[in-house]
Amino acid sequence: MASKIFFALSLLALGSVVTSRSIPGADSATDATKRANDVKVLILGGGIAGVIAARTLHEQGIDDFMLVEAQDQLGGRLKSITFGAPGKEVVLELGANWIQGTQDGDGPPNPILTLAQKHGLHTVYNDWDDIKTYDHTGAVDYLDVFNQSVDAYTDLTVSAGARVAKKLVDGTARTGYSLGGAKSRTAHAAASEYYQFDWSTPEESSWIASSWGNNFTYNTFGDDNLMSIDQRGFKEYIQAEADDFLDPSQLALNALVQNISYSNSGVSVVLADGETLTADYALCTFSLGVLQHDDVRFVPELPQWKEEAIQSMTMATYSKIFLQFPKKFWADNEARMALYADTERGRYPVWQSLDHAKFFLGSGIFFVTVTGDFSQRIEALSDTEVQAEVMGVVRNMFPDVDVPEPLAFHYNRWFSDPLFRGSYSNWPSSFFSEHHENLRATVDDRLWFAGEATSQKFFGFMHGAYYEGLEVATSMAKCIKGGGCVTLNHVEDVTNAHPYWI
Ligand SMILES: Cc1cc2nc3c(=O)[nH]c(=O)nc-3n(C[C@H](O)[C@H](O)[C@H](O)COP(=O)(O)OP(=O)(O)OC[C@H]3O[C@@H](n4cnc5c(N)ncnc54)[C@H](O)[C@@H]3O)c2cc1C
């Protein structure tokens, strides 16, 4: 299957708790007086990009930096939770959960795999092709339709490659599917297509960029996906990595950035507690969604070319809805994935059992993923309303079972969260390569940007965030150390190759 669908785990629960790893000596807003308020570099955001940028500066001999993070721990979109009824709790992932693409033969390893191995993360192979199909009447075998959707997705990526070779314009993935003759007119076909593609919808995604996004990752690192089931939480790999080089005095946790003022002579950052931090340079690693929602104020306002780039890419939302039942009532066979075809496309379609010998045997946990507008829809509903809808679907899938109410239920609201505003970036067909260059470009030589969204090859993925933290901080270090400073340039106007006639 299109191995790009992100599955992670969220939960709901009878008293679910976000798990937190203590960072000895890490600074907090209540302990602000210890901070060095003037440093060479402020790294804003302590997700993967921020931590790897900090490590890169350290390796380059630059230790006069401060890593500023609003949460009480590092990791960003690596977020774990303890889920389940008393005595049946399991640590699950609300955010990223899979290392997507590991290593292809002697090729380069995915850098996230390298970190996971270095820090002894417990990961398991996740076979997304091991699937059983359902619709509103129960278990129905439409694997033939499902297999056609696998072929249609391959055709889509091949036709996208051909367009690049011929320099043809981009379109939406929906256009690509339709031109390839894949029109997905039945509920079974729509659900099968969803399973292949809908980490963001075909209507909202570039035909070309969605194909290269998939190909760069899986052609570079191979087809395997490893799922973290580590009970310290997946974030352990980045927190342990930070512990290896970060001095507690270089870290400000619980530090919510409100304003970023910049000029060609430096930056100053105002935190929610009123404290001001100053630096020669700042590296902003906040998510694209945060930048789009004006959650942080830039002074002066960002230039038009930067704002156009920010508003032209899109932030997708992906939600995992976790249910825990007293015991497993679904088939105890090898099929760990389940596809549900509702009459409404995208209504609670992709299911995964975690009650399996490879994952958490005996846990009674089943979870479903939804994306895009449907994710935003459920964020606006109450947990009770969503639970009622989800249980209606479970009862459709298992008409012969007397399905009990779950012991625990949970999903995370990524889109509503002002620290994220969605799950990962998506490249729409109206987003040009120059826009992407501008998303990444430096403003006034002092304000730099990095994060998964600024990765041209690996946007959306953890390894995209990793490489951007590494590459952008390497460029910054060259500037700071003098000799060969090249800031990341922008294009003033992104123009149309063939303007419309007016
Ligand atoms: C549900 C979900 C599932 C996913 N599944 C996968 C997967 O399986 N595999 C995969 O490769 N990728 C997956 N991803 C994507 C992956 O998590 C991201 O690409 C990656 O973690 C992004 O890292 P980052 O450092 O760029 O950004 P972030 O992790 O967003 O880091 C930015 C940091 O900035 C902080 N911040 C924001 N605003 C402020 C402020 N005002 N002041 C101070 N700090 C602030 C945030 O708290 C955050 O810690 C998933 C994401 C989600 C949400």
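Positions of Cβ are set from backbone N, Cα and C atoms, glycine also.
With Glu69, Ala70 listed by TrEMBL as binding FAD, the candidate from Val169, Val257, Val267, Val269 annotated for that site turns out to be Val257.
Each residue in the domain 'Amine oxidase' (48-475) has a pLDDT score, and their mean in this model is 95. Annotated FAD site Glu69, Ala70, Val257; additional same-chain residues within 8 Å of its Cβ mean position, judged by their own Cβ, are Leu44, Gly45, Gly46, Val68, Gln71, Ala252, Asn254, Ala255, Leu256, Leu271, Leu419. Annotation for Ala70 (FAD binding site): same-chain Cβ neighbours under 8 Å, separated by at least 6 residues, are Asn254, Ala255, Leu256, Val257, Leu419. Taking the Cβ of Glu69 (FAD binding site) as centre and 10 Å as the limit, one finds 26 other Cβ atoms among all the protein chains shown.
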